[in-house]
2 protein chains.
Amino acid sequence: MHKVLRELKVELGERSYPIIIGQGLLGSFDLTPWVAGQQVMIVTNDTVGPLYLEKVKGCFPGKAIEVVTLPDGEQFKDWQTLNLIFDALLEKRHTRKTTLVALGGGVVGDMAGFAAACYQRGVPFIQVPTTLLSQVDSSVGGKTGINHPLGKNMIGAFHQPQAVLIDTNSLQTLPEREVSAGLAEVIKYGLIRDESFLAWLEDSMESLLRLDAEALGEAIYRSCVCKAEVVALDEREGGLRAILNLGHTFGHAIETFAGYGNWLHGEAVGTGMMMAADLSVREGLISADDRARAVALIRRARLPEWAPSGMTSEDFMNLMSVDKKNVDGRLRLVLLKAIGDAFITENASADNIRDTLRAFLPQAG
Amino acid sequence: MHKVLRELKVELGERSYPIIIGQGLLGSFDLTPWVAGQQVMIVTNDTVGPLYLEKVKGCFPGKAIEVVTLPDGEQFKDWQTLNLIFDALLEKRHTRKTTLVALGGGVVGDMAGFAAACYQRGVPFIQVPTTLLSQVDSSVGGKTGINHPLGKNMIGAFHQPQAVLIDTNSLQTLPEREVSAGLAEVIKYGLIRDESFLAWLEDSMESLLRLDAEALGEAIYRSCVCKAEVVALDEREGGLRAILNLGHTFGHAIETFAGYGNWLHGEAVGTGMMMAADLSVREGLISADDRARAVALIRRARLPEWAPSGMTSEDFMNLMSVDKKNVDGRLRLVLLKAIGDAFITENASADNIRDTLRAFLPQAG
């Protein structure tokens, strides 16, 4: 009926949880061992719900299941939409023994997770991510939250799921842009921590773009292992974990400028990683060949290589200065000292930063 | 210049924090040892701000201080008002090294604490409670949150402060109703866990109502010690901590029925504790004399002894069933097995509950 391909455990002491990766899991894999009470609230959106909601209900035999369906899109990752979850929980009288289930991509996961973190000061939740990006990124690590008009993910909480269930079949219907956006984060793990994984990606990129299930399963597994290792070492982002933000400071500025929802998160991170590699060359950390290797792989994943039309260096500087990875006003960036070895610095030269920004503005192309 | 009267430490491992109680602390006690970065955001309201804001700024020499002033009242403990704090933090570009300071009563403390719990997934905060209720209750234990139209404190987080600073001078200007509301929670500690403290309160009630500083200091200190002990034993409300909710299940129903802000929280808890004592007699747990002792002390604190005009038993039952202390639909209550010894039960008889509700409806008076 279904096939479990791989399983890993994110080690976080009493908050440890499993990630189960397989084919055909939705509808037949029994998730009730991770449900403490009788009440389940599935949170999904109006794109994913029609495809998988009925199947996922089959993962909770014997439980009282309610559903709340959100509008689809990053532009709805706000308080008004979050409140739809609280309204449903309170109208259906869900107690603090309820379990929330996030069925969808990163936005649904972030919002359902944040709702779980805040509802009655914290209830359990389970992640069922259905996009490549959420499978390799937002379903691991416990980050949850919503956007504010002045900045992305500015309001949120750390809240770990009880379990994460990943069905590779859900990727077969994923739009091409979203596959590319997910591959940006997959490539990131190779760049920051695992040169051999990057080499495997260089060999496997055509299979991944063809949506070959075996290749996708391996890419998801290795990405989750990498992220789980980093998160287990640094759950609250005191230091090491920040390397997971390679490309994100530039990327968040791009997303904010473009308006949430116009660029996919992974697309902005793809461009942002090219910018980080570029700045790493200017800082004398890696060679021009290393940069070319990173840029070529990101390009092969069909990711954009220029900032959005109309964006200026000043836009970047203004938007990057509110990024939450800054400390006391200094610009904090993740750079590469080699392919497969990222680090955090507050010492990048202002001139080099400005040159990198200029090199990626559309008019410079 | 100032006088530290008493100090205690809430023991929570790496989240332990001090409570400093004294006279004249605002304006001269140096709080910078509990501020990690350079940025401070004081959150206050339009009643307390004019009285104490300039003084409190003096507690943070050398720091960059910003202020956000909220409208005063429980009816503003909602998302819209919470967002004023996020707006200010983002407009002033506060990073994750900022420190929030809650200056005011329980509402300001709950909202500033919840904003600190959520801003950039968690920043530090300091409590400077200025009402008796917040000094003995909401400043200890890490509960933060906001209300939802369908229930009180339904959205929130556990987030411990770095430190709590209590200046007994701030009580000299407190409205009489708010003194009584605070005394309700003070009496609660005697009822649930400390008969000798209850006896001391019986001896000291006249001094407390006269706002005698020595008596107030002692009452605050013993209340904080009691609550800190309970919280240290059970930080996340798995069991024991729930005894702190004596009178709260009835009380929350009263507050919700009356509309937030019309009854003070402590007033509703006062009536709720009388109801809990009454139900404890009907359940055969305490004597009618014990009930009379509890009711007499609560009355002497000038607290209301009937439910709001127009409230029915059915209103109580409907509003109590969404209380978050229920598990899987059963009504969970805190009752007394003696003066100074509370416990949690889901087994109170429906008939006895109904008789208690009837006994406190206004038409029954």
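Backbone N, Cα and C atoms are what each Cβ position is placed from, and that goes for glycine too.
Just so you know, TrEMBL annotations are computer predictions that nobody has curated.
Here is what TrEMBL records for this protein:
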- B:68-180: domain '3-dehydroquinate synthase N-terminal' (DOMAIN)
- B:72-77, B:106-110, B:130-131, B:Lys143, B:Lys152: NAD(+) binding site (BINDING)
- B:182-326: domain '3-dehydroquinate synthase C-terminal' (DOMAIN)
- B:Glu185, B:His248, B:His265: Zn(2+) binding site (BINDING)
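Looking at B:Lys152, B:His265, the binding-site residues in this record, the fewest other C-beta atoms within 10 angstroms of the C-beta turn up around B:Lys152. Same-chain residues with CB within 8 A of the center of the B:Glu185, B:His248, B:His265 CB atoms, the Zn(2+) site residues themselves not counted, are B:Leu133, B:Asp137, B:Ala184, B:Lys188, B:Gly247, B:Gly251, B:Gly266, B:Ala268, B:Val269, B:Gly272. In three-state terms derived from DSSP, B:Lys152 (NAD(+) binding site) belongs to an extended strand segment. B:Asp110 (NAD(+) binding site) sits 13 Å from B:His265 (Zn(2+) binding site), taking the C-alpha atoms as the reference points.
Sequence-distant neighbours of B:Gly106 (NAD(+) binding site) (same chain, 6+ residues apart, CB-CB distance under 8 A): B:Pro129, B:Thr131, B:Leu133, B:Ser134, B:Asp137, B:Ser138, B:His265. Remark: B:Val108 (NAD(+) binding site) has B:Val43, B:Thr44, B:Asn45, B:Val48, B:Leu70, B:Ala102, B:Ser134 as non-local neighbours, by Cβ distance under 8 Å and separation of at least 6 in sequence.
Taking CA atoms as the reference points, B:His248 (Zn(2+) binding site) and B:Phe76 (NAD(+) binding site) are 20 Å apart. If you take the C-beta of B:Asp72 (NAD(+) binding site) and look for same-chain residues 6 or more apart in sequence within under 8 angstroms, you find B:Asn45, B:Asp46, B:Thr47, B:Val48, B:Gly104, B:Val107. Residue density at B:Glu185 (Zn(2+) binding site): 26 other Cβ atoms are found within 10 A of its Cβ, drawing on all protein chains shown.
Taking the Cβ of B:Phe76 (NAD(+) binding site) as centre and 10 Å as the limit, one finds 20 other Cβ atoms among all the protein chains shown. Over all protein chains present, the Cβ of B:His248 (Zn(2+) binding site) has 24 other Cβ atoms lying within 10 Å.
Here the binding-site residues are B:Glu74, B:Asp110; the one with the fewest Cβ atoms within 10 Å of its Cβ is B:Glu74. Rounded to a whole number, the distance between the Cα atoms of B:Glu185 (Zn(2+) binding site) and B:Glu74 (NAD(+) binding site) is 17 Å. Its Cβ taken as reference, B:Thr131 (NAD(+) binding site) is surrounded by 27 other Cβ atoms within 10 Å in the chains shown. The DSSP breakdown of the domain '3-dehydroquinate synthase C-terminal' (B:182-326) into helical (H, G, I), extended (E, B) and coil residues amounts to 104 helix, 2 strand, 39 coil. DSSP assigns B:Phe76 (NAD(+) binding site) to a helical segment in the three-state reduction. B:Phe76 (NAD(+) binding site) and B:Glu185 (Zn(2+) binding site) have their C-alpha atoms 22 Å apart, to the nearest angstrom.
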